[in-house]
Structure formats: C-alpha cells, structure tokens
C-alpha cells in the first residue's frame, strides 16, 4: 500500500511543477546563400556543423525574406513585423545605416522577442552584428541600442561590416565619391586650365580672384575627401561591449573566434537559468575575412574561407 501511495504523491508533486523553460540559440549568417551549406546540396564548401543541425532537426526549403538588405530584414527578424511598419524600410537604394552617427534605429515602441523573453526571466544576449541603430539625440541616450530592446548583454558591431573597414578591401562609397568629389574636382581643374589658357592668349581678362576662388574650392573638396577616407574607419568601424567601445578601430584578427568564445562563455554563465542567445555572425558579409586557421583553406577563395569559419563558429 505504501508504494502506490508514494507513487501517487510523486506524480502529484510533478504535476504541480511548471515545465522547464526552453533555452533559445538563434544563429544568423549574414549574406550566406541558400546553396552554400552542404545540407542544401553544396559539395565543395565544408559546413559540417550546419549540416549536422539540419540532419538532427528540421530543414526548411521555403522562406520569404522581408528585405534583401541588412537593416530592414533584421528589424523584421527581431519584431516579426514588416520593416515598413517600424520605419526601418527605405525607398532609396541604400536603406541601411552606414554611419555610427546615424540618428535612426529600431523605435523603442517596437517589441522584440528578446524583450518578451527577458520579461519571462530569461538572460538575453546578442553577440555579433546589430545594425539597428544606437543613439537618438546624443551619444549617451542609447535609445536604439540592443540594451534598450531586451538584451542584457551585447558584444559586437553596432553598425555593419563594410569593405571600408578593412584596408585594401575597397569601398562601398566609390560611386558617391566619383559623383560628389572626383567629378567636381575634374570640372574645377578643367575650368582653371581653360581660364588660364584664355587669359594667357589674351582672349579673356580673368581676375586673379577667380583663380583663387576656384583653387580654394578644389582644395576644400580634396581636403574633405581625404578626411573622409582617413577618418571613416576609426569613427565607424568598432566593437562595443554593452554600451562601451571595446575596440576602435575594428581588428579582424581572430574576430569570429573571439565572438564565438564570448558566446560560449555566456551559455556557461547562464547554464542554470533559461537564456536567449542571438549569435549574429559578421561573416560572410563583406569585407571578407578569415582567421589564420581558415585563410586559404577552402576551394572558393576568401568567401569560402569565411563561410567555413562561420560554420566552425556554429559548432563551438
């Protein structure tokens, strides 16, 4: 009689306990193509960790992205709403934040899944790329920062990974530089040369003040261009840990390995409580990079190296 009674007591006690809360680990691979992982048919890129997730879980074959660009697609991912509803979509060709001084960002009125889980007692972290704004009115309000959208911990890029952030990788501003700086400089140089020839031939009396004005305008344009090229990287390419800058300018040396190690530490710190981890990989967005352990090891150049290192991070 004691054993059935004891069993009933155990079952009653278990029934009264709330079910354990599940942990969530979300991994975002920036710009990775659907045909790149092996689980989707690729036979030349090595992605064993992603392939293992697919074989042990569920592999989806249909998906609709809210946008093909970083900022609006991330806004949709974080909120589950079309980015146009939160003001995070743009009719222009850019449509993303390129400067750390941008005042726009995900509005504080938007509810992210991180905020919902934090309200349920979860530890929450975003490690990697944010790209949904930082400040509103000044450098201390952090109104768009991950910490204002439900994340207890943030370590990564507040803006994005651009070719301009890596020396020798080119620039996303090439067309704008040609239109706003090089073309006016060429026009000013042609005007100066033409006026000088006409003055020398005696066909036109051109005051020296005109030459001086044109020369000053050209010098100002050139100085502005050189300042932009020199200061863009240190001002816009940096890592943050929570609300403090942790590395400026950004160094790509073992960057993925550093972020993956930090993600692992977060999981271990919160092993005894429910947690949400968003690992928002900086790879394989350009500028392409890979650590020494992966550089030159793939069959697809710099892109393949970055993709294989990103897969390694998935398995850490």
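One-based numbering along the chain as shown.
Glycine is no exception: its Cβ is also placed from the backbone N, Cα and C atoms.
On a predicted model such as this, the values are computed, not experimentally measured, just so you know.
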Look up transmembrane segment in TrEMBL and report which of 108-132, 133-157, 208-232 it refers to.
208-232
If TrEMBL is the reference, give me the range from 64-86, 179-201, 248-270, 271-293 marked as transmembrane segment.
179-201
For the transmembrane segment (208-232), what are the same-chain contacts with Cβ under 8 Å, counting residues 6+ beyond its ends?
164, 173, 177, 181, 184-185, 188-189, 191-192, 195-196
With Cβ-Cβ distances below 8 Å as the criterion, list the same-chain residues six or more beyond the ends of the transmembrane segment (179-201) that contact it, or say none.
210-211, 214-215, 217-218, 221-222, 224-225
